[in-house]
Amino acid sequence: MMDEIKETIPESWVKIYETNVNITWKEDLASFFKSWDHDVNKVYTSDIPQICKEQPCQLGIDEAGRGPTLGPMVYGIAYIPLSEKYLPVDLGCADSKVLTEEQREKIFNKICQHRKKIGWAVEVISPNIIANSMYRRVKFSLNDISMKSAVELTQLAIKRGVNVAELYVDTVGRPEAYQAKLKKLFPNLKVIVAKKADSIYPIVSAASICAKVLRDNSLKNWQFREGTISSMYGSGYPNDPDTKRWLFDNVDDIFGFPRIVRFSWSPAERILQSYALSIEWEEVEQEENRGEQKISKFFTGSPQKKRHQFFINRCLSSTSTF
Amino acid sequence: MSDHNVPQKLLIRRLTKRLKLVRVWIKRIPAEIEYFRLNMAILLHMSCDLSENKQRILHLMPCKICGDKSANVSTYFTPYICKRDNEVYTSSFRGRPLYGKKITVPSGYKGIIFVEHKKSEIGNVKRNLYVTGTFPHFTYWNYDKLPTKNDALAAAMDWIDIAEALHSTES
């Protein structure tokens, strides 16, 4: 499943590296997301602390917003010098799921304050890109997207000069295969992939908090381009009654939903099946039993005049009506 | 109704269900055509202004939308169209990735949109189609496939040159 890193679409088409907005605390996120063309992914990296270039570092990776029907999935990395490895614990980094939103934002602000020691980066993966990937002719799954994002964020940090020595990764899938894969990509690093890594390794918790705070704020600051659309969409999780109601109330007969929705998620698909006009996608014409001739062909009368291949290839046919 | 609107020769090629290439040969075109008898059954009402200000933007989708109503194209679709390299456009429809390309209506042809208010269920009944606008170009969209010269639609444009050569009168 994770044998190779497949290309989604050309790199330059999907990633916007934010340069205008500098995120120094949680309050900067509103303007960060207002400037986001939410149809494509967005990557942000904090300034690289000088100490992280000079000393060997540990780097944690985690994601937020894997399950919801609405909004982006966010991948986050955080890194610190090995000499400072207790700093995340001091800042209160723990399993982001047991912390309240307010606690997470406080810790996020602390991480931003310690910018001389901790660095972080995120990739905000657009719901549109998620749907596009899953609906490709050759499906690019959520696992493929996750893997690609985690690897690219790490590569970006290394490219920008972070002296990475150890890699800690949270995973929902089988850790062994993922670990082997990462080890191959980063042979010089110590690689540890574990389930619930964000509750075991503080640096993964730090990454998890960055991802989760960005995910929450992306949803809060969503700019609809589809006209006046209600923002009462709740948490975005399909079991949230607000999200459910919002999905029902915001169906467009033809286009389906505003692009905050992951169209490929089954709750969204089910609603469109019942409440929107059905769509028949053009299929590539099946070549009919090429090279195979039925014996009956020789006994029947002269066949119908066959259209020339020129016209068949171009879908051209003669008609006398509209 | 006078005879001069009846074509001497008529050739319609179907590109897709909704897009057709029509070549007509008529003796002379009156200065102002009000209607045009395409064949025994179909009457095209041309009285509408065919000038520039009625130009429409057209998207040829790689799917059939099972319904017939106006769509919020300008809010749900247009804002997301992105121009990429090599004249390629990208967008999405119902979450599916689309790659598009603009095609200009070839010279000698005119892009005209007709609307039929009530389509007769019975065959051989006179049908009335009314002009609602014109289009100088349109975008055709492929589902998860970059547009190439070999796409049926792009290739169909070859027919125009061939038709020109085949059907032109010798001078």
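Placed from the backbone N, Cα and C atoms, the Cβ positions cover glycine too.
The structure displayed is predicted, hence computed values, not measured ones.
With A:D62, A:E63 listed by TrEMBL as binding divalent metal cation, the candidate from A:D170, A:D216, A:D240 annotated for that site turns out to be A:D170. A C-beta separation below 8 Å, combined with a sequence spacing of at least six in one chain, links A:D62 (divalent metal cation binding site) to A:Y75, A:G76, A:S96, A:V169, A:D170, A:A197, A:D198, A:V204, A:S205, A:A207, A:S208, A:A211.
In this view, the densest Cβ surroundings among the binding-site residues A:E63, A:D170 belong to A:E63, judged by other Cβ atoms lying within 10 Å. Taking the mean position of the Cβ atoms of A:D62, A:E63, A:D170 as the divalent metal cation site, the remaining same-chain residues with a Cβ inside 8 Å of that point are A:I61, A:A64, A:Y75, A:G76, A:V169, A:T171, A:A197, A:D198, A:V204, A:A207, A:S208, A:A211.
Summarised as a single figure, the pLDDT of the domain 'RNase H type-2' (A:56-277) averages 94.
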